[in-house]
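A quick write-up on the structure given underneath.
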Amino acid sequence: MLNRKWSFVFLTFLLVISVNANDDVFEDEDEASESGVEKDEFVPSNFVAPKLADTSKPNFFDYFPVGSKIGQTWIKSLAKKDDVDSEIAKYNGEWSIGAPTKVSIEGDYGLIVKTKARHHAIAAKLETPFVFGSNKFIAQYDVKFEEGQECGGGYLKLLSEGAEKDLASFQDKTPYTIMFGPDKCGASGQVHLIFRYKNPVNGTVSEYHAKQPASIGTAYWDDHNTHLFTLVVKPTGEYSVSVDGKSLYYGNMLSDISPSLTPPKEIFDETDLKPEDWDEREQIEDETASKPDDWDENEPQNVVDESATKPYDWNEEENELIPDPEAQKPQDWDEDMDGSWEAPLIDNPACKGLSGCGTWKPPTIKNPKYRGKWVRPKIANPAYKGKWSPRLIDNPNYFEPKPFDGLAPISAVGIELWTMSENILFDNILITSSEQDASEIAKQTFYIKQQEEYRLAAATGSSNGIFQQIVDATNEKPWLWAVYILCILLPLIAIGVFCFGKGSKPAPNFAKKSDTYSPDDDRVPNLVDDQEEEIIAEDEEDNQPGPSGTQNQPPIDEDEQDEVEQQPSSSKTASSESSSAAEEEDNDHVVHENEPVQPTEEVAKKSPRVTGGAKRRTARRGD
């Protein structure tokens, strides 16, 4: 039967083999598909147009049905960006309405960015403007970065009232009320939420950014799948941003946006000026101080060490660096343009192992007389009045914000972005006040599309492996790395402690049942030291034979005597016959019944060889 700990190790080994076997199976499947054994052919499902209840009246909803064209609902911008070169000022990015490159649902179309490295702008008028009042505001859409994303956005601009009058003039300066959606450049991304809020006192409109999570990774852009972005803003100012139905971040307009929506009650008076006699210096130079007479400012900081001597192995005849003898002038070297060619310098091999080469110079050391430039010490300024600041006055533009009061009505939805990637597909754009409608649209569109994309990836072998999924999860939630490390280290530590943490138990010491010599006796260490031998000798003197001619031995236990007497005679005869030869050799060491027992020291002197077993027997008798 296997030891329990080795059984545990064996089971772990089997688990590793099984994982590798699964990997081999996947590889075999890939090889089989390459060798001609085809997987089940993927057949796209048919698109079913989403439907809302008759009572539902969203402000805007477009799922881009077959037959939709640019210029009908969606108007491409003809404007130019301000303050940029004319070559890149135009919004000349191309748009189309069509199917994605990899079709998972037949007949499911979307609005597609067809070009990269260009400015794109397009907008559509809402069926009914959204006015911020007692109802929630909900914006929802899905977007797919088919080519990934190097640098660019995928966000919506919810345009303020008035923009719908001229959608062809839509550009980056067009006023918007809310900007919402993903944006990425480089190795980091974010999901924007920006409010433009109007101060009711002075009429100024300012941008306020929702606080972002520390990191959301790049999976939304790099996995080439469709993702659903949902924004909910309540009249209380509470907002939540979700991706694929899962909360990404949330907060409140009154406390979690930057800068604060609530202006300060007091501000500095810009007309207040600092008095001319206001002294802000905490310390000043002591004008009464003078330089000490022994202060020499001309002493250098370092001086030559006069006590230094040249090392005995210093070679002044060799240079520390020499031209590389193996270097060759490049073939394209032009002496007229590049000057005279010189071989690069390398360390002189003749100086290897020496203290140095070339002209020897004594090293420098810190000058003990150096004191530097003298400056007057600082003292407290008797005229110090503290740090001056303008006086505070009541803020004339202060107001107590109510979240929805400063948000302008929304009349159009636009997409205005610069991107370095093409084939960005927007779909199922919804503006409403009903969370139920948003949930229903997501069920009828995104979740079906998500499952079909997974099915397509599985059928074509383009799905991400388990390792990539783990990495993608850590991009979204970096703290998962700590969980992964613990999940790996803790079992390894447990296995190590379980298998190797305990020492082996020492073998039990079994007492011999007879003094018969055995081959291992010579390898047993002498257990009697010099002091114990003296004690043994004294005990043996006390145990010399008495008048009766016998040694004063301790009484024999009655049970042992009976055990000896009960041994079969045949056993004794066989034992005596088998040991007759040994008795002849050990005759000198046997104490006969009628002979007095000699002291151990005398026996040792007469015996030509005292074995380890004999020493132990002597020690036991002495005890």
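Note that Cβ sites are derived from N, Cα and C of the backbone, with glycine treated the same way.
Mapped onto three states, the DSSP output places Asp108 (Ca(2+) binding site) in coil. For Asp108, Asp427, the entry in Swiss-Prot reads Ca(2+) binding site.
Sequence annotations record features per position, and here Swiss-Prot assigns region 'Disordered' to 260-337 (among others).
Residues or ranges marked as region 'P domain (Extended arm)' in Swiss-Prot: 267-400. Summarising model confidence by region, the region 'P domain (Extended arm)' (267-400) averages a pLDDT of 93.
The region '4 X approximate repeats' feature in Swiss-Prot is assigned to 269-336 (among others).
Annotation source Swiss-Prot lists region '4 X approximate repeats' at 339-396 (among others), citing sequence analysis.
For 358-368, the entry in Swiss-Prot reads repeat '2-2'. Broken down by DSSP into helix, strand and coil, the repeat '2-2' (358-368) contains 0 helix, 3 strand, 8 coil.
Here the repeat '2-3' (372-382) is broken down by DSSP into helix, strand and coil counts: 0 helix, 3 strand, 8 coil. The repeat '2-3' annotation in Swiss-Prot covers 372-382 and rests on sequence analysis.
Marked as region 'Disordered' by Swiss-Prot: 536-623 (among others).
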Pick the one among the binding-site residues Asp108, Asp427 whose Cβ has the fewest other Cβ atoms within 10 Å in this structure. Asp427
Where DSSP helix means H, G or I and strand means E or B, what are the helix, strand and coil counts for the region 'Disordered' (260-337)? 3 helix, 13 strand, 62 coil
